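Here is the structure we will look at.
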Amino acid sequence: MQHLKYTHSDSFEIDKPRHALLEVLPKQTNNQTKPSRLAPIATSHTNVLPRIQTQSRCSQESNGTSALHLRIQTYLTLSACAREALEILMNRLKEALHNDPNPLETQEWLESIKAVIDIAGPERAHQLLEGVAEQIHRTGTNLPFSPITEYVNTIPTADEAKNPGDPALERSIRSIIRWNAMATVVRANRKPGDLGGHIASFASSATLYDVGFNHFWRAPSPQHPGDLLYIQGHSSPGIYARAFLEGRISESQLDHFRMEVDGKGISSYPHPWLMPQFWQTPTVSMGLGPLSAIYQAQFMKYLEHRGLIAPSDRKVWCFIGDGESDEPETLGAIALAGREGLDNLIFVVNCNLQRLDGPVRGNGKIIQELEGVFRGGGWNVIKLLWGAHWDPLLAQDTQGVLRKLMMETVDGEYQNCKAFGGEYTRKHFFDKYPETAAMVAHLSDNDIWRLNRGGHDPHKIYAAYHRAVNTQGMPTVILAKTVKGYGMGTAGESLNPTHQTKKLDHDAIKHFRDRFNIPISDQQLDAADHIPFYHPGPDSPEIKYMLARREALGGFLPQRRTKSSKSFIVPGLDKYERLLTSSGERTYSTTMAFVQSLNITLRDKALGPHIVPIVADEARTFGMEGLFRQIGIYAPFGQKYKPVDADQLMYYREDESGQVLQQGITEPGAIASWMAAGTSYSVSDVPMLPFYIYYSMFGFQRIGDIAWQAADMRTRGFLLGGTAGRTTLNGEGLQHEDGHSHLMAGAIPNVRSYDPTFGYEVTVILQHGMKAMMQDQIDEYYYLTLMNENYAHPDMPAGAEQGIIKGMYLLKDAGKPKKGELRVQLLGSGAILREAIAAAELLHQDFGITADLWSCPSFSELRKDGFDTERWNRLHPDSEPRTPYVTQQLENRQGPAIAATDYVRLFADQIRAFVPMHYTVLGTDGFGRSDTRSNLRRFFEVDRYFIAHAAIAALAKEGKMTGKDVARAIEQYNINPEKPNPVDI
């Protein structure tokens, strides 16, 4: 690169670009445990940097730091002409980096910074470099930044913590576990039914788990609250194989892998619902485990800051695959962890470079990509790439050629090297440069093939884990390079189809046995119908060692607490009396009824501190801003500023011990936070009751997979879908108006969903749910839809509580029908119940028809009861039949039934099989749109006029009225019979 030379008025010349040097220097200081923030520029000088003895310009000046300072200050005073010319120089930076104009000077700087590290430590080197970088930034110059480091291990060999374990015994244990994990899957798939399973994922991560179980992961005990493990879903066979050796799972259970129906088997993946005492956390679908882990770690800090648990060094460990990082949920919340300094969180990314079909980044480098993402998010990044067999080669690499080759090689080629063996690796990797070819000239092809990756070296893994658990002030991610299908040989090692490999042929099984020295003979393999499991016996050194290690760490993992040792007496309904009586002329929404109920609960001395209000940046929408001042917004570092509304009563108060979790605009993050709070009874033995309120359209539709995960994890809490209903959120339009969330909630078995109309209904449901979850410890959660429409609320009818919870009660009885009187049954919920009430008045006023009015807060609960009753009757033909609750309520009533809701027709249609009369359903099928409530209800044909018309049409169908009556209603209520169907518009 041609040097630019400019002379300032004092004749000082600048001819060397420093950017190339600055780009190189940080790579020498990336091994510190706690990467520092921008350090202040040093005011004192050092006699170390740079200590130059050659003919470089630096050597012409008396002191290195002074010289550097002088150069920077001179640059800052350059003329505009010189500055413009230097900008041209900066634009040639890329060329300069790849074609060093002065290698000798670069080497001098490298030696100087190494001297600083050796004498003053990496923190001092970091301080100097950031001071230099800051000075350049202040000139407006674009100093290139790279968050990635060389493609080598983060921890130098000399700094590795030593593994205290017995390496021979641990390898033997690991080999047995590998065998039994493989046998579990193969045996399952030799049975009829093609049960599936995965061998390759655990094969690649077995050592990562083994080191953790032997040395790091603590179980809950009187001495320690225990660590929380998020096991990669596809690796479950390996966890079962370990539990088998520990005596926690029987051989029969292993033999019934993925065969659970008869109660003998074990689940395919980590599912607390199916194995409630074993699995701590569900991690499938992929991507959900990392998101959940981040918010679990945050909630542990929340409990500590609020004084609900004692501070401890417990950790949340989350294992994920590198291919899983493409899921938005995997990386979407990592900035939160960095921002809040969650040093109780450790990610271990199993970088076997392969996803389900092929390479994760065949033309790139997934580890480098993830390093940049996590480091940019404020994480401590530990790269665990190469095993100890590489150490001698890297020690020889004084010119950096091997490191250069490692950086140049893409992941697809690394996969080839493991798939095709040592000869291929020599030819296509090492032979690219004479220097690297010479490094391995003395090695055989087998020696080259045995050059191991970091994720298979227990000593390197131990060092990485040790550094991770001792890192303070930030979360840690360990990027562990492994081989997918490790040990499977030609049956799948590093091959693209390996993820789908569930069956191994006879030769592949023998190869696996020999690779891991399993003492099973050829005769045993030839004679057996199934591959035998191997257990060395309870008195073997391996089993004794395993049990001793787990005893030292507090017990077995994974294990799950099913009930908290603590429970609460929930306040009775009398505490909420003012919400059960008429509001008179005062109007309010059901959202406000919820907020008032929440405030009453928060004032309960016992239960109040265990309430967790959660919002996704919509507290003001729901009238909850009063909680900001009352109980504070959780902020782990407190409030470092005076809020702009500090002079107001309900100002924005953040506090280290705040109770409200304000998660920002992230529905997945907010519900993950809700799930962490709702499982605290199990994770921390501290029952907490979360209330997460949000726009109902952005609930189950947006985070349906997480809602299912929450049910699997046996979460307890309330989800509150605010501004609910297709026609109630006036003005917002298609993407905001919810008409189907109850159908989605109803698909989850342990969710109880309600669409209340009146404040007393909201209150009864909340009190019942609190009792069920906090007092009776039932593993279920509740979904309530709430509206923002204000209206008056009546007294609760006497004895309505049971009907509210069951899903239906008589709101208004029209009395015993007179002879010849026309009668209909009007059913409704939520906002549209009030339209049904108005329709009853129209029918009586205009047509002399009387109506019984039914409030149906939960068509979903009615459906469950109906089908449960129907099933019992079918299976007990000799017993007296039971009657569904809906049928009990309506069987002695007269006339057709008309149901109308603010949701699609299928919602109320769920109970059709149990309604003992003609049944008409009105709903809001179709896309939402912006308009007033009255116009929207007319458009979707659920207003009082359409309800009255439907009642008259139903009576005509029964022969009790005529077509002329129906036509009269159409005309009288100004209904356009040619109006397009809303679902088609």
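Glycine residues also receive a Cβ, built from the backbone N, Cα and C atoms like all the rest.
Sequence-distant neighbours of Gln354 (Mg(2+) binding site) (same chain, 6+ apart, CB under 8 A from its CB) are Gly323, Val360, Gln415, Lys484, Ser494, Asn496, Thr498, His499. Residues or ranges marked as Mg(2+) binding site by TrEMBL: Asp322, Asn352, Gln354.
For the domain 'Transketolase N-terminal' (229-383), the model gives a mean pLDDT of 97. Summarising the annotation, TrEMBL assigns domain 'Transketolase N-terminal' to 229-383.
Positions annotated as domain 'Pyruvate dehydrogenase E1 component middle' by TrEMBL: 582-794.
Taken from TrEMBL, the feature domain 'Transketolase-like C-terminal' covers 807-943.
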### Task
Using the centroid of the Cβ atoms of Asp322, Asn352, Gln354 as reference, list every other same-chain residue with Cβ within 8 Å of it (recorded Mg(2+) site), in sequence order.
Ser204, Gly321, Gly323, Asn350, Cys351, Leu353, Arg355, Pro359, Val360, Ile366, Thr482, Lys484
## Note on the structure
binding-site residues considered: Asp322, Asn352; fewest surrounding Cβ atoms within 10 Å belongs to Asp322
### Message
Quick check on the domain 'Transketolase-like C-terminal' (807-943): DSSP residue counts for helix, strand, coil, in that order please.
### Response
56 helix, 24 strand, 57 coil
